[in-house]
Amino acid sequence: MRLFVGLGNPGAKYARNRHNIGFMALDRIAEDHGFGPWRVKFQGQIAEGRLGREKVLLLKPETFMNRSGQSVGEAMRFYKLDSTDITVLHDELDLAPGKVKVKAGGGHAGHNGLRSIHDHIGAAYDRVRLGIGHPGRKEAVAGYVLHDFARADEDWLEDVLRGVSEGAPHLAAGDGARFMNSVALRTAPPRPSTGTGRPPAKTPARAEEPPAPAASPAPATAPLPDARSPLQKLVDRFK
């Protein structure tokens, strides 16, 4: 069994916040893959279903971000899971908007939700880091993550959520490379070779030049006058 945890804050007030992209990802997975209805358990909302051959539990902690580990730890102990059976999907300031990366273990990089999970289950769980970008100044971070996504973000956000959902069966199977390929097909689709873009500029054809005129034959050289004496001419005839 796999446990997928999406991080966020509960309530309509926070539903479209950047900090809640983990919740959004789980909602899309549940909808696209026919998971059961959400219900309250483990201090959060859970939904059960299958991704490929794997049984998967989706968990959205409702303890608020800074206490997410309480909910995750409770679910892990109930199902007797190892931390390596858990994948956490969360917002990532250090990735550009629309970028996604998978990571096994490691530090929490100051993310309060991850910090809480570290405290309750250790650091060996997997993560899916969903890039939201950085506001540029440390003091602006809190307001930035607790603000709704801008309208200009909607296109890339939709692509990311679709890619994560389509790749979720690979994620459940532990195949991070194929999961990332599914995401890439949505966030950076290959361009067809016969696309409608502007064709490359053609080199203009050079006008044909008329053939060079044939060289005229050299004029015949006029014979030189015979300067021999009559006697010499006679001698030369009998040589």
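Even glycines carry a Cβ here, placed using N, Cα and C.
Going by Swiss-Prot, these are the annotated features:
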type	residues	note
SITE	ASN9	site 'Discriminates between blocked and unblocked aminoacyl-tRNA'
BINDING	TYR14, PHE64, ASN66, ASN112	tRNA binding site
ACT_SITE	HIS19	active site, proton acceptor
SITE	ASP91	site 'Stabilizes the basic form of H active site to accept a proton'
REGION	186-239	region 'Disordered'
COMPBIAS	193-204	compositional bias 'Low complexity'
COMPBIAS	210-222	compositional bias 'Pro residues'
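Here the features listed in Swiss-Prot are placed on the structure.
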residue : record                                                               : Cβ neighbours (10 Å)
ASN9    : site 'Discriminates between blocked and unblocked aminoacyl-tRNA'    : 22
TYR14   : tRNA binding site                                                    : 17
HIS19   : active site, proton acceptor                                         : 22
PHE64   : tRNA binding site                                                    : 15
ASN66   : tRNA binding site                                                    : 12
ASP91   : site 'Stabilizes the basic form of H active site to accept a proton' : 25
ASN112  : tRNA binding site                                                    : 16
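When the CA atoms are compared, the recorded positions lying within 10 A of PHE64 (tRNA binding site) are ASN9, out of the candidates ASN9, HIS19, ASP91.
Listed in sequence order, the recorded positions near ASN66 (tRNA binding site) (C-alpha within 10 Å of its C-alpha) are ASN9, out of ASN9, HIS19, ASP91. Highlighted in sequence order, ASN9, HIS19, THR63, MET65, ARG67, SER68, GLY113 have their Cβ within 8 Å of the centre of the Cβ atoms of TYR14, PHE64, ASN66, ASN112, the residues recorded for tRNA, and are not part of that set. Residues TYR14, PHE64, ASN66, ASN112, recorded as contacting tRNA, have a largest CA-CA distance of 16 Å.
ASN9 (site 'Discriminates between blocked and unblocked aminoacyl-tRNA') sits 8 Å from HIS19 (active site, proton acceptor), taking the C-alpha atoms as the reference points. According to DSSP, ASP91 (site 'Stabilizes the basic form of H active site to accept a proton') sits within a strand segment. Taking the C-alpha atom of ASP91 (site 'Stabilizes the basic form of H active site to accept a proton') as reference, the shortest distance to any of the recorded positions TYR14, HIS19, ASN112 belongs to HIS19. Taking only the Cα positions, the spacing between ASN112 (tRNA binding site) and HIS19 (active site, proton acceptor) is 11 angstrom.
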